[in-house]
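Asks: As annotated by TrEMBL, transmembrane segment applies to 42-61, 93-115, 121-139, 146-163, 183-203, 224-244, 270-294.
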Amino acid sequence: MDHRVFLSLVFVLSGTFNVLVVKWANQQQVIGSDGELHGFQHPVVFTMLMFLGEFLCFIAFKVGRLVVNRRGPGAELDSILTQVSGEFHPLSMLLPTMLDAMASILLFTGLYLTYATSFQMIRGAALIFVGIFSTMYLNNTLGTRHWLAIFTMACGILDIISLDVQRVDYDRFTLPHTDHKSILAGDMLIIIAEILHGLQYVYEEKQLKISNAAPLQAAGWQGIFGMAITAILAICMHFVPSVMPFNESSRAVFDDWSDLWTGLEGNAPLILGLIAFTLSCAVYNFIGLFIVMYSSSANRLLADGLRVYFIFVFVIVMEWEYFNLITIMGFIIMQMGIIMYRQAIFVDWYRAALARWQRSRYVDLSADAAAAAPNSRPADVI
């Protein structure tokens, strides 16, 4: 199996696991600091664990450099995983980390309030914003196919959101709040988060391709900055009062850390789930940056969009959600837009490859003509 196919598969599976384990944790009823049962609503904690996973990439990068220095540089290991670029500045990862921190807190909050399948399908909105922002900051050009695909995805997202507002009346198994406003708030938080993610992905693509940094190194610095930023946010969220449906904690704050320690006490399955989530985030974010560096942020999102199929299969098998014809229609419309966007990229690849082939053929013909010129003799003068 080609290593790119293997990495893409691991990327999709780890992303699928992240969504499912967070949704599973959200459904757990744990004892809070007040002695009452509460839902496990800790979006800041999940964000902190995500950045902890990215920090593990920095440790892996340092260990890899140590191995390379002792055993000598290897072509594949040194160039892809542990290369050191003199043009890379750690502070270049600060802005995307700030965007990622804010977007992740919004995403985990939205996932708590909505369905896992809706969460993943609405996340496809990131492809819309990446396409738009790439025209502003990467000087990319969107053709008619791209804009048609963006319009189709927007229609699919609108269908999914409108369906969720109606679906909450009969499909309540995984929802902590069964009112229309809560699920609509969750869906809108996901869209806002994807706007921030669109900016983050485009900025990362520009910085990584300019600096030629190792993906492990970039992910590691994001983990370092992210843990510091999230720690500051955690202190604020621990004391700032919140409103429904964001105040499930004992003290009615956004993220109560005293509830966290009480809820984890003696809860081995939940602790193991959080550890697995941290490790999975390390793999997911490293491979995501690898795809961005050696391809594009749009292709990262196209690969990430494949995990919706795995999530659909899981929730159907586990009977987490009910599906009807409108749900399937929204899913089909969304996938049609993604496929159209992917085909537009393939057309661009084909045209670029054809142009390179034509240029190389022209160079070869010019070289042959230049080589034959010295051997030619001038015509005899009569």
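Every residue gets a Cβ built from N, Cα and C, even glycine.
The shown structure was predicted, so the numbers you read here are calculated from the model rather than taken from an experiment.
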Asks: Considering only Cβ pairs within less than 8 angstroms, which of the stretches 42-61, 93-115, 183-203, 224-244, 270-294 has the most against the transmembrane segment (121-139)?
Replies: 183-203
Asks: What same-chain residues lie close to the transmembrane segment (93-115): Cβ under 8 Å, and 6 or more beyond its ends?
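Replies: Sequence-remote neighbours of the transmembrane segment (93-115) are 19, 22-23, 26, 39, 41, 43-44, 46-47, 50-51, 122-123, 164, 167, 171, 174-177, 182-183, 185-190, 192-194, 196-197, 199-200, 203-204, 207, 218, 221-222, 225-226, 229-230, 233, 245-246, 315, 320-321.
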Asks: Output the single range from 183-203, 224-244, 270-294 maximising the number of Cβ pairs under 8 Å to the transmembrane segment (42-61).
Replies: 270-294
